[in-house]
Amino acid sequence: MAAVVALIFALAMFPVSSPVSALSSNYYSKTCPKLETAVTNAVKKAMKNHKTVPAALLRMHFHDCFIRGCDASVLLESKGKNTAEKDGPPNISLHAFYVIDNAKKAVEAMCPGVVSCADILALSARDAVALSGGPTWDVPKGRKDGRISKATDTRQLPAPTFNISQLQQSFSQRGLSMADLVALSGGHSLGFSHCSSFQNRIHNFNATLDIDPSISPSFATSLRHVCPAHNKVKNAGATLDSSTTVFDNAYYKLLLPGKSLFSSDQSLLTTPKTKALVSKFARSKSAFENAFVQSMIRMSSITGGGQEIRLDCRRVN
Ligand code: HEM
Ligand SMILES: *[C@@H]1O[C@H](CO)[C@@H](O)[C@H](O)[C@H]1NC(C)=O
Ligand SMILES: *[C@@H]1O[C@H](CO)[C@@H](O)[C@H](O)[C@H]1NC(C)=O
Ligand SMILES: *[C@@H]1O[C@H](CO)[C@@H](O)[C@H](O)[C@H]1NC(C)=O
């Protein structure tokens, strides 16, 4: 009893500096036991109509976690003078926000004001992978939603033109290792890229070469066909791997012979350690899946400055 009183006293005295509690798998087991089924159903339903939903959800979660930690900042709308993250420059592929809205609506109907949008997004990303033939895992939960979202923050995202040292820096700033970098790049097993994201490799590569010599010549030819130098076709681009709606290790198999889209993908072959991991994941789907799961849990546990359980994922309370 005395301890409880002391704890209540401490919380009352230091409400702001109270430590962010660690995430846990059973966080909502009492307060919202049917949470995960509701989220899975929302993702399943959306996937039936839109094949690109899983890729969108996985990328959305990545963006969320890399900016201000996993705090659902990516979901907020611009308001007044503030331009939000989702209206920042590399937003070209962000879509399917409606899936999170639908999941949130279903969850609010069952357990109002209890589950954060950041947790719903983390669960949706897991479901996106699992429902695309990839592995599944227990998602640690208990994230809080943030109140800040700024378009200028998207400069902190790694760019597709990054080399290995720039990628290493971007990941290590967030507590992620080179092994995490290689495993998480396997997210490029799903989805699509616009020409602008790999244009640097197929036209005017540098002062002497038009095409990045590390790209397979036949692959470069096909990319130049869909993405000519002065591309006028809106939404032209290429799939990130050969099986764009199936979560598998094809990305690594294509990466080895120079058939990946981004300089950042290709750069994984430029150090012995990362190249060895690429080869390992190309050989073994299960080695990739195990590593991906561990790294996803690490990425999705990047702490944000969130403080609230947002009622509408697009607006602060
Ligand atoms: C390593 C640094 C990374 C870079 C530089 C990068 C860059 C990009 C770029 C440029 C696109 C295409 C955007 C467009 O033109 O439409 C893309 C798409 C995508 N990325 Fe990454 N990415 C990285 C890491 C990740 C991670 C960690 C994940 C998730 C685990 C991820 C998942 C995806 C997915 C699923 C898509 C396809 C989106 C869609 O089709 O809607 N990426 N990425
Ligand atoms: C991306 O940003 C532009 C403006 O910068 C905005 O018009 C567009 O709606 C944004 N896309 C998404 C998916 O939010
Ligand atoms: C990566 O790019 C940065 C910035 O352009 C450069 O300073 C660095 O030397 C490059 N590193 C490698 C390994 O190419
Ligand atoms: C162009 O890129 C190639 C391959 O990376 C390199 O060998 C060459 O030195 C580069 N040329 C210039 C002018 O930077």
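Here the Cβ of each residue, glycine as well, is placed from N, Cα and C on the backbone.
The domain 'Plant heme peroxidase family profile' feature in TrEMBL is assigned to 22-317.
For R59 (site 'Transition state stabilizer'), the count of additional Cβ atoms within 10 Å of its Cβ stands at 21 [all protein chains shown]. Secondary structure from DSSP puts R59 (site 'Transition state stabilizer') in a helix. The feature site 'Transition state stabilizer' is assigned by TrEMBL to R59.
The annotation Ca(2+) 1 binding site is assigned in TrEMBL to D64, G69, D71, S73, E85. Long-range Cβ neighbours of E85 (Ca(2+) 1 binding site) (same chain, at least 6 residues apart, Cβ-Cβ under 8 Å): H63, I67, S73, V74, L76, N91, S149, K150, A151, D153, T154.
Around the Cβ of P158 (substrate binding site), the same chain contributes F66, Q166, L167, S170, F171, S264, each under 8 angstroms and 6 or more positions distant in sequence. Summarising the annotation, TrEMBL assigns substrate binding site to P158.
Per TrEMBL, heme b binding site is recorded for H188. In the three-state DSSP assignment, the secondary structure recorded for H188 (heme b binding site) is helix. Within its own chain, H188 (heme b binding site) has L240, D241, Y251, S260, L261, F262, D265 as residues 6 or more apart in sequence whose C-beta sits under 8 angstroms from its own.
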Local confidence of the prediction over the domain 'Plant heme peroxidase family profile' (22-317), expressed as mean pLDDT: 96
Nearest-integer angstrom distance between the alpha carbons (Cα) of R59 (site 'Transition state stabilizer') and G69 (Ca(2+) 1 binding site): 14
Binding-site residues close to ligand 1 - of D64, S73, E85, P158, only those whose C-beta is under 6 Å away: P158
Least surrounded among the binding-site residues, given as G69, D71, S73, when other CB atoms within 10 Å are counted: G69
Which same-chain residues, if any, lie at least 6 apart from D64 (Ca(2+) 1 binding site) yet have Cβ under 8 Å of it: C70, D71, A72, S73, V74, L75, A118, L121
